[in-house]
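Per TrEMBL, the feature transmembrane segment maps to 12-34, 46-71, 83-102, 114-136, 148-169, 189-215, 227-249, 255-272, 293-315, 321-342, 378-395, 401-420.
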Amino acid sequence: MIGASLSRWTMSYFAAAIVALITALGLMTAGYGYPHAPVDAPPTLIIVHLVAIGWLSLLMCGALFQFVPVLIARPLANEQLPLPALICLLLGLFSLLCGFLWLDGGIDTTLPFFPMAATLLGLGFALVVWGLAHTLLTGRPLPLSARFVAVALAGVALTATLGIIFALVRGGIVAEPHLVDLTVAGVPIHAIAGLGGWLTFAAMGVSYRLLAMFMLAPELDRRGSRLALHLGSCALALAIIGGAVAICLEWSRNLMLLAAGLPGLAALAFYGRDMLHLYRARKRRIIELNARMATFAFASLGLAVMLVIALLALGRLQEQVAAVVFLVAFGWLSGLGLGKLYKIVAFLTWLECYGPVLGKKPTPRVQDLVIEKRAQKWFYLYFIAVWLGTAALLWGRPLVFQTMTLAMLVATLGIVVQLVRIRRLADVKVDDRFPADTRRPALLHAAVQGI
C-alpha cells in the first residue's frame, strides 16, 4: 500500500461504528430487546439496526473506502463522497431508531420518522454504492476480491431497497398490497440480503486480500475461489430476488430459501477451503493477533452453518433463528471486524505518521505500535462470551445471555482502549515516536491524503 492514498474519513466511520456497537451491547446488557421482548418488537428492531447499520455497515463502508482502491490499484473515484455519505447514514439511522421508538410509544410526535429514515439511508447508501462502484469500474478486469465486493454492493442496494419499502409501509406512506405483503413476510429476505449479500460478501472479498497481504500469502484466484463467488451469487439471487418474487406472487417463500441454501453452503465450503489454504501457504510464520482472531471468526461462521443444519433437521430453525443471527452478527462478522480493525488502525496510523519519511529516516515497524499480549485477553473474552451467549439463547437463559453481553461489552471496551492507544502512538518508544517531519495523527480523521 505504499504509494496509496489514505481515506480521510475512514477513522470517522470506525469511531461511529464503535459507538453504535457499544450502545447496542449496553442495551442488551440492560435487558432491552430480545430475549426479553419478541423478535419483531420495536426494542429488538432498535438493537438489530444499531448493529446492522450503525456498527457493521459503517465499519464495512469505512474499510471499503480505504481498501477498494487497494484491491484494484486505482484511486478512489469520488474522494468527496465519504463524508456526506457518513452524515446521511448517521442521520438516517437516528431517524429510523426514532421511528421504532415511536412505534413502541416512547416518542409522542407526528414527525415522519420512517420516511425521513428511508430518504436519508437511501441517499447515504446510494452515495456509498456510487463511489465504490465508480471506483471498481476504473479497475476492470476486476481481481477476485474486488468481484466479491461488487456483489456486496449489489447486496447493499437490495437491502436498502427492501428497507425503504418496509419504512414507507410502516410509516403509512405506501399501501400497495404487494409491498405490504413483502413487508409482512420479507423480513428474512431483508436479513439475508444484509447479513449475507452485503456484509458477508464484503467480508469475504476483503479477507481474500487482507489476509494474503498481512500474512504474506499468495493471492488466490483459482477454480474453487471462483466457484465460491458464483455459487454464492446464485444463492443470493435465489434467496433475495426469488424470495421477493415468491412473496408477491404468493408462492412458497420458504421453498425458495431452501433452494438457495444448497449453493450457499457450497460457496461457504469453498471459501473456508481458501482461507485454510492462505494460512498454510503464508510466508509469515508467526501469525499476528489479527490473523489468529480471524480463525475464531471463521470458526463462528462454521458453527453457525452447522447450527442451521441441525435446527433444520430438528424442525426448530424458526424458533431458534435469533441464536443463529446472534452468532453470525457477533461471532462471524463482528469478530472478524474487530480483529481486522486492530490491524487496520495500526497499519493506517503507521502509514499516515511514518509513510512520508519512509526510506529517509529510521521509523518504527507497524508491530511497534501494538502490544498484542495486552490486547489478546480482550479478544479471547469477546469470543468466549459470544459462544456462551449463543448457547444461552438456545437454552432459553436470558439472565445468562445478559451476563454474556456484559462480558462482550467489557471486552469491546478493552479493545477500544487498545485502538485509541494505537492511534495516539502510546506504545511506541518515546525516542522513536516522532522522527523529524512527522506528527501525531488526528484521532478521528486522516490528515494525510497521499503517501
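Even glycines carry a Cβ here, placed using N, Cα and C.
Two recorded stretches are said to be in contact when at least 3 C-beta pairs lie under 8 angstroms, sequence spacing 6 or more; the transmembrane segment (227-249) and the transmembrane segment (148-169) meet this definition. Two recorded stretches are said to be in contact when at least 3 C-beta pairs lie under 8 angstroms, sequence spacing 6 or more; the transmembrane segment (46-71) and the transmembrane segment (255-272) fall short of this definition. Outside the transmembrane segment (293-315), and at least 6 residues removed from its termini, the chain residues within Cβ reach (under 8 Å) are 207, 211, 261, 265, 268, 272, 275, 279, 323-324, 327-328, 331-333, 335-336, 338-340, 342, 379, 383, 386-387, 390. The transmembrane segment (114-136) makes contact with the transmembrane segment (148-169), as judged by at least three Cβ pairs under 8 Å among residues 6 or more apart in sequence. Counting Cβ pairs under 8 Å that are 6 or more residues apart, the transmembrane segment (12-34) and the transmembrane segment (189-215) reach fewer than 3 and are not in contact.
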